[in-house]
Amino acid sequence: MHKIIVAAICYSFVHKQHQTSSGFDRALDFLFPLGSAGNALLATAYISGPPNLILMFIPKDINPASLSTLVSFAIGGLLGDVFFHLLPQTFLGEGDHDSVRFVLVHEKRNLVLGAAIFFGFALFVFLDKLLRILTSGGHDHDHAHSHSHSHSHSHSHVESDSAVSSARQELETPRKRSLRSADKKTEKAPEPLPVIRPSAYLNMAADFTHNITDGLAIAASFYISTSVGSVTTMAVFFHEIPHEVGDFALLISGGMTKFQAMGAQFITALGAFLGTLIGIAIQSFMAADPFVSSADSVGLFGTGLSTSDLVLPFTAGTFLYIGTVGAVPELLELQKGDPPQAELKRMLVQILAMFSGATLMFVVASE
């Protein structure tokens, strides 16, 4: 919802600039030919498809050094989004950057918003722990049990097994022996399936929640006007590109293949459509009953906050977990066998990539 305010403030300027431009009007008519609900769904498709298609140009087998740089960029982007965008919008909202405005501070309101941030962070702590427990599957216990079991029985059957095998070898012809040895050579051990770490699933959940907020913003903006909706769509589009690249790097580092990560990104893109549909339903309900949003509404805990107002701080809490606990430990690991000079060089590249991601989000948030 925070992007709508920016779009509404700059709407008059954008509208005046483009009123004389017939090309812009034709472009709007071409891109958004439907009503408010239809245009909101079209805009959601525009912001979801192209950024994900960019991932096709990333190499299938990424160099570990390049992947480490991308993960650093993702950390900077996530934390930059939290500290430069989500947290300021959570507590202060968003207004005109060139004007002075008054903000009414409600202590109880800030407590509720802070609790939502903590809830998002704490929920991902418990989800991460639960996923680690479920994915472990007791393999170590089963392996130890089967090893001891087979070891205890091997002594009792070793003599009989060797006798049977020697008798069979005497009965076999030389041709059968050669065929059996050839079959053993051609047999290959099955390749182990890649293990996807819980951090990858948590990143998908956080991205899904974040996309819901984008869908809500797009839906509400198109119910203001097509021009405001187009400006909001443009802002979300350029905001999503660095996010998609960063999330892709985190999924790859979490154990996914390139195509698994691309599929996961398309799944999380459904969150934007879900948010758009929720926004359309809210707007339709409010249009049917204009007294729903009256000032008499007390809100959550008497603060005037609605449930949708908690999505933004909840997302901030999840991003804090993914950007710190989920990704930072990977950057702290040292490569075995590398000299200290190589590690220092890699660290400088990682710091530069992290600041690049944070700077990009700072520029996007300040626009």
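Quick reminder: no glycine exception, Cβ is built from N, Cα and C everywhere.
Pulled from TrEMBL, these are the features on record:
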TRANSMEM  70-91  transmembrane segment
TRANSMEM  111-127  transmembrane segment
REGION    141-190  region 'Disordered'
COMPBIAS  146-155  compositional bias 'Basic residues'
COMPBIAS  169-190  compositional bias 'Basic and acidic residues'
TRANSMEM  266-286  transmembrane segment
TRANSMEM  310-332  transmembrane segment
TRANSMEM  344-365  transmembrane segment
Per Cβ pairs under 8 Å, the stretch of 70-91, 310-332, 344-365 packing most closely against the transmembrane segment (111-127): 310-332
Positions whose Cβ lies under 8 angstroms from the transmembrane segment (70-91), at least six residues beyond its ends: 2, 62, 110, 113, 117, 242-243, 245-250, 252-253, 312-313, 315-316, 319-320, 322-324, 327-328, 330-331, 349-351, 353-362, 364-366
